[in-house]
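Structure record follows, encoded as structure tokens.
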Amino acid sequence: MTNLSGSMPSSTAADLQPALRVEGLGFYYGTKKVLEGVTMAIPVGKVTAMIGPSGCGKSTLLKAFNRIAELEGRVKVTGKIEFFGQNIYDQKVNINSLRREIGMVFQRPNPFPTSIYDNIVYGVKLCCNVSRAELDEIVERSLTRAVLWDEVKDSLKKSALGLSGGQQQRLCIARALAVNPKVLLMDEPCSALDPISTLKIEELINSLRENVTITIVTHNMQQALRVSDYTAFFNTDESRIGQLVEFDTTQNIFSSPQETQTRDYVAGRFG
């Protein structure tokens with residue numbers, strides 16, 4: 001169990017240890033209900049996509065996983081989210097430690113207005129007492145994992161703001177990887193990128209999956225098919241506010257969904 005002081009979609013997934021387990025989750029911003037009765041589990045070492053129309057609560061769930069949603073205002077949580085067996089909303093949980101263990105990459109690249117090098121080491125310096133040599137190793141390793149090292153190794157002291165949009169997003173991924181998270185959350189990481197940069201991010205996701213559990217929110221159905229092992233479909237209408245409609249292997253969600261709403265959504269009939 002990680003020290004920070006849902007049911008599975010198929011028999012195959014049930015054999016996998018969950019990195020995150022959600023049980024009966026309800027989530028409110030103030031008095032506004034955003035999620036209701038969500039139960040699911042994110043298996044370790046897999047990529048899980050969350051899809052659904054705008055406003056269905058998928059990004060809110062992503063932000064609930066590392067409690068960053070609390071930065072957006074007063075929230076109320078019912079039910080439970082466990083991270084390797086520990087309730088992340090327990091009063092004993094250190095939120096900063098949780099956010100190191102569960103990193104996040106946002107829709108638009110958000111590099112700090114500092115050098116490429118300082119972007120990578122920022123989180124490491126906050127949590128750890130390491131030497132300059134160790135920092136240098138972390139920078140190279142993180143940028144290499146993000147498939148960016150060869151492009152920036154001679155420009156580490158230059159501003160990160162001078163990078164292209166795709167490079168900035170890979171830098172943000174490298175920055176998250178620098179503190180060795182167990183889980184990486186991605187909220188539509190390619191929505192602001194061109195097709196070539198999107199391809200590089202998708203290739204990066206595939207290269208990271210063996211070492212980091214990844215959960216990605218995407219509106220791109222083809223992207224979900226390309227990069228994910230499991231897919232969760234959320235929907236919102238007059239009768240279902242922010243509810244999980246179906247969770248299964250990505251292959252099953254797109255080829256043989258069990259719910260009519262899922263079938264209509266992946267076929268492009270709404271959303």
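Residue positions begin at 1 at the first shown residue.
Backbone N, Cα and C define each Cβ position, glycine as well.
Keep in mind the model is a prediction, meaning the values are calculated, not measured.
Here the domain 'ABC transporter' (20-266) has a mean pLDDT of 95 out of 100. The domain 'ABC transporter' annotation in Swiss-Prot covers 20-266.
Positions annotated as ATP binding site by Swiss-Prot: G52, P53, S54, G55, C56, G57, K58, S59. A simple way to gauge crowding: the CB of P53 (ATP binding site) has 15 other CB atoms within 10 angstroms, across all the protein chains here.
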Min neighbour Cβ count (10 Å) across binding-site residues S54, S59 flags S54
Per DSSP (helix/strand/coil reduction), K58 (ATP binding site) sits in helix
Fewest C-beta neighbours within 10 angstroms among the binding-site residues G55, G57 belongs to G55
